[in-house]
Amino acid sequence: MDKSYLEKWDKEYFWHPFTQMKIYREEENVIVERGEGVYVYDIHGNRYLDGVSSLWCNVHGHNHPKLNQALIDQVNRIAHFTTLGASNVPAVVFAKNLIDIAPPKLRKVFYSEDGAEAMEIAIKIAYHYWHNKGEFQRNKFVTLSEAYHGDTIGSVSVGGINIFHEKYRPLLFDVYKMPSPYLEAVKKAGREKALEYDTTKLLIEEVEEFIFKNHQEIAGFVLEGGVQGAAGILPFPKGYLKEIRRICDEYNILMIVDEVATGFGRSGYMFACEKEGIEPDIMALGKGITGGYLPLAATLVTDEIFNEFLGEFGEAKHFYHGHTYTGNPLACSVAIANLEVFEEEQTLKKLQPKIKLLEERLKEFWDLKHVGDVRQYGFMAGIELVRDRKSMEPFPYGERTGFKVAGEMLKRGIWVRPLGDVMVIMPPLVITEDQLNYFLDSLKESIKAVTEV
Ligand code: PMP
């Protein structure tokens, strides 16, 4: 059957996210029709390995029988019912299941649909919490350069990626910005020692000094869980999160950790907070929460925070926030099944050797002339391509070197989406060692084909 009408309609009617549509409309694009495990199939029947887990969210593979069944079972009961002043069965059960596996301090779940919303909610809760306590001067957030927390105005306000965020500056609220831990660590200690604990100490002094001077007006410290993902997979030096926890405790500041990207196994643990040995006051989750099936996100908070919102109706202390689909039963039923699959398939246990394999094989990328840096955090990695390794001079932005490498990968049957000139390796957690080896071999060849001509 001729399906070329889909390509025409895609270009005619569909405005794609984070996409220069002029170029998109000039190029051939993948229109996916179905998926199976780590593979997706386009409308022409071509098969591609999903190299970035459909934007970092797929966990157990596409078209998973158990997740499918959970969705089918639920849709036969009810697809949606509001949770504003009422409830539904899967949303209740999943809230309990999530609290059972989350850091123990976190006791309440506030649902939303996407990572950006989960962060928007985290920020509003933190601000509102201090107001309910009568500490009206606590209006500011401390954030990090190169942070990414999503694309809504509040999430952009606490973000720090200039190319995405600078355009909106007049619309954003003011925040205090600390340096990006990885980039600052490289500056202060060099690439080899960037991730060491001693480097953390060098970074923390500055942060602590700043907090010491300004803590009375700070509502929360916002940061990603262990790695700045969208900035190009920039891991925090060892102990950085622990030190931030210590400072937040000392100065009575809420620690808000964004685990939208790192949650649900990506760090090698269920949550990066576990890996880092910390408990935040507020944690945002999304992406892998439904195994990559449906839009669902969650903001988890402590009882201490939740209790500040309790009061008589007339006191108007409650949290004025909610979306039409908050706690959607279809999404929550798949989220319940997602956690069950983690158990049944021993996903985290089976992931460990693959993290090791990735670590070993990443070393090979240093052999390539135009690789400037190689970074890994759990089961995510970034390979930074530069024109000159010594000076770290980048390729010109307009050359789209990363996209060209992605084009080469496509020829080899792998779909990836780079972050600028950082090639991202983030396949579903269920990828096999053979598939991972093929992915890495292809990436090496593709980088060579584009940069060493
Ligand atoms: N926070 C982090 C750490 C992310 O990586 C992302 C998405 N890449 C988001 C928030 C935003 O999530 P969403 O795209 O679901 O809004």
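Note that Cβ sites are derived from N, Cα and C of the backbone, with glycine treated the same way.
As written in TrEMBL, here are the features:
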type	residues	note
BINDING	GLY115, ALA116, ASP258, HIS323, THR324	pyridoxal 5'-phosphate binding site
BINDING	TYR148, LYS287, GLY322, ARG417	substrate binding site
MOD_RES	LYS287	N6-(pyridoxal phosphate)lysine
Quiz item: Based on Cα coordinates, which of the following binding-site residues are within 10 Å of TYR148 (substrate binding site): ALA116, ASP258, HIS323, THR324?
Solution: ALA116, ASP258
Quiz prompt | Contacting binding-site residues for ligand 1, chosen from GLY115, GLY322, HIS323, THR324, ARG417 when the Cβ sits under 6 angstroms of any of its atoms | solution = GLY115
Quiz item: Relative to the Cβ position of THR324 (pyridoxal 5'-phosphate binding site), how many further Cβ atoms are located within 10 Å?
Solution: 10
Exercise. Report, in whole Å, the straight Cα-to-Cα distance of LYS287 (substrate binding site) from THR324 (pyridoxal 5'-phosphate binding site).
Key: 19
Exercise. Check the Cα distances from LYS287 (substrate binding site) to each of the binding-site residues GLY115, ASP258, HIS323 and keep only the ones within 10 Å.
Key: GLY115
Exercise. Would you mind reading off the Cα separation of ALA116 (pyridoxal 5'-phosphate binding site) from GLY322 (substrate binding site), to the nearest angstrom?
Key: 14
Exercise. Out of LYS287, HIS323, ARG417, give me whichever of these binding-site residues has the highest number of other Cβ atoms within 10 Å.
Key: LYS287
Practice problem: Sort the binding-site residues GLY115, ASP258, HIS323 by C-alpha distance from ARG417 (substrate binding site) and give me just the closest. | Solution: GLY115
Quiz item: What's the CA-CA gap between ASP258 (pyridoxal 5'-phosphate binding site) and GLY322 (substrate binding site) in angstrom, rounded?
Solution: 20
Practice problem: Provide the number of Cβ atoms within 10 Å of the Cβ of ASP258 (pyridoxal 5'-phosphate binding site), excluding the reference atom itself. | Solution: 30
Quiz item: Hey, how far is GLY322 (substrate binding site) from GLY115 (pyridoxal 5'-phosphate binding site), Cα to Cα, in Å?
Solution: 15
Self-check item: Largest CA-to-CA spread of substrate binders TYR148, LYS287, GLY322, ARG417, angstrom
Solution: 32
